[in-house]
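As recorded in TrEMBL:
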COMPBIAS  1-15  compositional bias 'Low complexity'
REGION    1-66  region 'Disordered'
COMPBIAS  50-66  compositional bias 'Polar residues'
TRANSMEM  151-172  transmembrane segment
TRANSMEM  184-206  transmembrane segment
TRANSMEM  226-253  transmembrane segment
TRANSMEM  265-283  transmembrane segment
TRANSMEM  325-347  transmembrane segment
TRANSMEM  359-377  transmembrane segment
TRANSMEM  389-409  transmembrane segment
TRANSMEM  430-451  transmembrane segment
Amino acid sequence: MAPPAARARYNANKADNQILTKKPPKRLNGNKDAAGVAVAGNKKEKKNKNSATAPNATDKTQSSPNPIMPSVHTAFKTFVSARLCSAIWAYISDCDETFNYWEPLHYIINGHGLQTWEYSPQFGLRSYTYLLLQGVPGWIYQKLFNPSPILIFYMIRCMLGFGCALMERFMYKSICQEFGIHVGRLWLIFQLFSVGMFVSSTALLPSSFSMYFGCSALAAWWQQRYSLAIFFTAISALLGWPFAALIGVPLVLELLFRQRDWRTFIQWTLISGLTIALPMIAIDTKYFGKLTFAPLNIVWYNVFTSHGPNIFGTEPLSYYILNGFLNFNIIWLLALQLPIMLLMDYLIVPAKFKSTLNFPRYISLAPLYLWLVVFMAQPHKEERFLFPVYPLISLCGAITVDVYQRIFFRIKTLVFKIKSGVHYLDHSMFIAIIVMVASTLLGLSRVFALYRNYHAPMDLMLELNQFKNSPQYRPDEIYNVCIGKDWYRYPGSFFFPARNFRLRFLKSEFRGMLPAYYTEGANATQVVHPYFNDQNLENEHMYFDYDQCHFLLDFDEGKYTTLEPSYSRRTKDWSIMKSLPFLIPEKSHKVLRAFYVPFLTDNHIKYGDFNLLKRKKTRNVS
């Protein structure tokens with residue numbers, strides 16, 4: 001049951017749940033029940049009318065349901081459990097995460113890794129400060145225990161999951177205070193079984209980092225802790241992703257023009273700049289060898305250059321619509337309906353009390369819809385661009401469910417003449433239960449499908465540990481693990497069993513810019529390489545000699561070209577070390593490949609073989 005303090009907050013912010021009548025309901029000794037409805041007419045009240053002046057009398061005579069609220073500590077435990085599951089079972093869905101973050105982090109911790117053009121000093125689009133925040137714990141772990149690299153990878157992932165759970169704990173408490181316990185517990189369920197949160201919560205991406213601190217800023221704002229909200233927004237935008245500052249725009253406007261508190265804004269903007277931006281500039285300048293402010297560079301490249309990000313591909317508006325449904329199923333559809341449903345709620349439900357504690361909903365929920373308007377209008381679209389507002393999608397979906405419940409109860413009240421004083425949740429909880437069950441089943445189905453369909457590359461890389469433990473392994477030799485057309489599915493150097501393994505790229509039909517290894521020696525991050533460019537142009541320097549490969553990762557999906565042959569059929573050169581199934585999307589049913597349905601999915605999808613190949617003749621390569 002909810003603790004007394006939580007019930008008191010519920011009393012304050014759920015006054016709109018009552019059913020108003022022409023005459024105000026009588027109060028029992030001046031008190032109301034948990035939803036703001038009078039408790040007169042309750043049979044138990046009549047029996048105890050003479051003792052109604054007792055301090056706890058109203059606790060015994062409430063006619064509305066006493067809301068069951070999981071405590072903040074209970075919610076935190078469930079969040080931690082869900083995020084640790086993500087750390088262990090989620091696959092890396094974005095090659096940008098591998099090459100722009102895991103690989104440079106591997107360089108910082110283990111002394112070698114792949115470098116992308118964004119980390120070239122001539123461009124300086126990525127910040128080493130962000131990497132150090134994640135990398136220092138891994139570096140300490142490596143120095144103290146010298147573990148296998150894969151253990152460092154999963155340690156960092158678990159750390160990210162724990163950080164996400166902390167954000168969700170803070171947000172859950174704030175939602176229960178600002179929007180009510182019923183919305184809070186709906187949000188809790190939606191978050192736990194959200195596919196979007198499963199993917200984003202442990203991703204080593206600035207957009208995930210911005211989700212942690214951007215949503216924490218909103219949680220602080222809803223509690224009117226403006227200084228903390230500004231500071232968290234600054235962390236999200238400066239150390240994470242600069243475009244995440246968009247989340248803070250409604251916050252700042254509300255502070256400046258509604259609260260008229262310019263002093264707090266100016267003061268904490270300066271504090272944030274001094275404590276975040278200046279150390280960041282100092283660290284990045286040291287790494288790049290010249291004055292560098294990465295957030296400014298990435299904004300300049302994406303907004304003010306002639307080519308910008310569109311050279312990496314463009315997508316129609318439907319991309320985010322479909323992606324949102326895959327990650328949040330019906331909750332996404334409910335969240336998109338919320339502006340219309342709030343208008344209907346205002347027109348149909350006669351409650352005139354404010355439904356939130358501190359802000360009108362058009363202010364407190366503005367960050368999500370501002371974000372969607374801006375990013376849906378951009379031609380270049382990627383799934384990770386929506387990460388910072390994922391918790392808000394769950395929140396708006398929960399509020400929409402609550403609105404449906406109140407509208408349903410209002411209509412039922414008019415049709416069946418329900419007496420005043422009855423709480424709307426007594427008659428509409430089935431709506432919330434149906435949505436929770438449906439979204440949970442769809443979420444679990446999607447997570448299971450993702451693991452079955454796309455986890456093979458990570459599992460194959462672990463098989464190299466078997467080779468390291470075999471008599472054929474020599475610790476003084478460099479082993480070249482080659483990859484061709486499937487370069488974007490490579491999970492990262494942390495999956496190599498030792499430091500003497502290197503990823504090599506084979507020429508394929510891909511004609512874009514690939515990463516290259518940091519140079520050996522000191523100050524490698526300061527070296528400007530001639531083969532990097534900011535226009536995604538191919539460079540032959542990145543390609544490796546096929547005859548010098550010791551291992552090869554290749555997905556055999558039945559389509560071959562001269563540059564993309566079936567390596568596994570070259571039996572004179574290769575033996576199959578391990579083979580795992582991997583989805584062929586073009587040959588699979590669109591719905592049943594996206595959601596796992598027992599007894600149906602396996603009959604309507606097609607898998608190819610993702611192979612780890614080992615060369616039969618070992619070459620001595622320096």
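Each residue, glycine too, has its Cβ placed from N, Cα and C.
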I need to check the long-range neighbours of the transmembrane segment (325-347): which residues 6 or more away from its ends have a CB within less than 8 Å of a CB in the stretch?
190, 194-196, 199, 361-362, 365, 368-369, 383, 390, 392-394, 396-401, 403-404, 406-407, 435, 438-439, 442-443, 446, 594
Distal contacts, the transmembrane segment (430-451) - CB-CB under 8 A, six or more residues away:
89-91, 93, 182, 186, 189-190, 193-195, 198-199, 326-331, 334, 401-402, 404-405, 408, 593-597, 601
Take the transmembrane segment (226-253) and find every residue of the same chain, 6 or more past its ends, with a Cβ under 8 Å from one of its Cβ atoms.
127, 129-130, 133, 206-207, 209-210, 212-218, 220, 259, 261, 264-265, 267-269, 271-273, 276-277, 280, 295-296, 298-299, 302, 363, 366-367, 370-371, 374, 388-389
